[in-house]
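S.K.: Have a look at this one.
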Amino acid sequence: MTNIRKTHPLMKIINHSFIDLPTPSNISAWWNFGSLLGACLGIQIITGLFLAMHYTSDTATAFSSVTHICRDVNYGWLIRYMHANGASMFFICLFLHVGRGVYYGSYSYTETWNIGIILLFTVMATAFMGYVLPWGQMSFWGATVITNLLSAIPYIGTTLVEWIWGGFSVDKATLTRFFAFHFILPFIIAALVMVHLLFLHETGSNNPSGLNSDSDKIPFHPYFTIKDFLGLLLLISILMSLVLFSPDLLGDPDNYTPANPLSTPPHIKPEWYFLFAYAILRSIPNKLGGVLALVFSILILAILPLLQFSKQRSMMFRPLSQCLFWILTADLLTLTWIGGQPVEHPFIIIGQLASILYFSIILILFPMFSLLENKLLKW
């Protein structure tokens, strides 16, 4: 008798995706982040559901309802901080996952890559709206500043901003709709993840060498299920250490002050995972130019397949491109640091130079170095 997992319509899908999936035998720990992102999404949806049971999306009570969750709900503090720090873990895994894709040339799978970029934008939108919900000072002013950027769009800008706000400023209507969107988007993300995996399983996984691995595939279970489980243990260990020892390490103290439209905080800044894009936005003096630079700082990932001039897919055997990749990583860390600093000398010029370097590396230096490496290898 054939095994039920190979015949039952539902079990068959699970079997082909997680059990009998042919996987390259040489994929490293950098390939763990997909499953870790799935785990993060699961944690966020579960903790978020329990938070939503006690949260009220009204400007008068939102801040107090979060305080109530932390003080009066059983393990409410744990759920709240797991959700807040879970978002940070989510973005750490996302950045490493995207970085892996760039390093090993996984962007050659264009459908998977483009769905991934849509996922990145959706997760960023969800995180931004989630940050507004506690209705602290940084929530209110962050929402005001970021939504206001849309007013830079010619002709329809102002109307668009007021339409999003549901009035003439960030208020009750804005908070209510942000809560509604923040609740629904993770389920849309889950659906997009299915599409992401669907396209990935059409081609099979890439591997560190960037070569075709059809001749050396092994079943996903038990080899990679056990490997993913180790990654999951590490993820949960780091997350719980953060939650239980220093839950406010990555947060902003200003968000413990209830939102006050009459008092502007000295430094308005988003959560740490948006700081690199925020630094790029601030480094351009023109409003529309800044908004375009902000969008293109992530959308630039979509043109990576067009900038691939190397005869080798992966950077594993390309020392010049490797060097450039790590300079880009350092540059992104610099931008993250600058995004959290006040707008004054020398931070302004450092931010501008780091922004120029970011776009130059991706648009000019990567293609140049690829061609140079081809020449050095007489290809």
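Placement of Cβ uses the backbone N, Cα and C atoms for every residue, glycine included.
In case it helps, Swiss-Prot gives these features for our protein:
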{"type": "TRANSMEM", "residues": "33-53", "note": "transmembrane segment"}
{"type": "TRANSMEM", "residues": "77-98", "note": "transmembrane segment"}
{"type": "BINDING", "residues": "H83, H182", "note": "heme b b562 binding site"}
{"type": "BINDING", "residues": "H97, H196", "note": "heme b b566 binding site"}
{"type": "TRANSMEM", "residues": "113-133", "note": "transmembrane segment"}
{"type": "TRANSMEM", "residues": "178-198", "note": "transmembrane segment"}
{"type": "BINDING", "residues": "H201", "note": "ubiquinone binding site"}
{"type": "TRANSMEM", "residues": "226-246", "note": "transmembrane segment"}
{"type": "TRANSMEM", "residues": "288-308", "note": "transmembrane segment"}
{"type": "TRANSMEM", "residues": "320-340", "note": "transmembrane segment"}
{"type": "TRANSMEM", "residues": "347-367", "note": "transmembrane segment"}
S.K.: Do we see three or more Cβ pairs under 8 Å linking the transmembrane segment (33-53) and the transmembrane segment (226-246), pairs being at least 6 apart in sequence?
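M.R.: Per Cβ check, the transmembrane segment (33-53) touches the transmembrane segment (226-246).
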S.K.: What same-chain residues lie close to the transmembrane segment (77-98): Cβ under 8 Å, and 6 or more beyond its ends?
M.R.: 30, 33-34, 36-37, 40-41, 43-44, 47-48, 50-51, 66, 69-71, 116, 120, 123, 127, 130, 235, 238-239, 242-243, 247, 250-251, 271-273, 301
S.K.: Minimum Cβ neighbour count within 10 Å among the binding-site residues H83, H97, H182, H196, H201: which residue?
M.R.: H201
S.K.: Fill in the CA-CA distance, H201 (ubiquinone binding site) to H83 (heme b b562 binding site), as an integer in Å.
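M.R.: Rounded to a whole number, the Cα-Cα distance is 30 Å.
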S.K.: Give residue numbers and ranges for long-range contacts of the transmembrane segment (226-246): same chain, 6 or more residues beyond its ends, CB-CB under 8 A.
M.R.: 29, 32-33, 35-36, 39-40, 43, 78, 81-82, 85-86, 88-89, 93
S.K.: Measuring Cα to Cα, how many Å separate H83 (heme b b562 binding site) from H97 (heme b b566 binding site)?
M.R.: 20
S.K.: Taking the transmembrane segment (320-340) as the reference, which of 113-133, 178-198, 347-367 gives the largest number of Cβ pairs under 8 angstroms?
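M.R.: Per the Cβ count, the answer is 347-367.
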S.K.: Which bits of the chain, at least 6 residues beyond where the transmembrane segment (347-367) starts or stops, bring a Cβ under 8 A of a Cβ in it?
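M.R.: Counting only partners 6 or more residues beyond its ends, the transmembrane segment (347-367) has Cβ contacts under 8 Å with 279-280, 282-284, 293, 296-297, 300, 304, 307, 309, 321, 324, 327-328, 331-332, 334-335, 338-339, 341.
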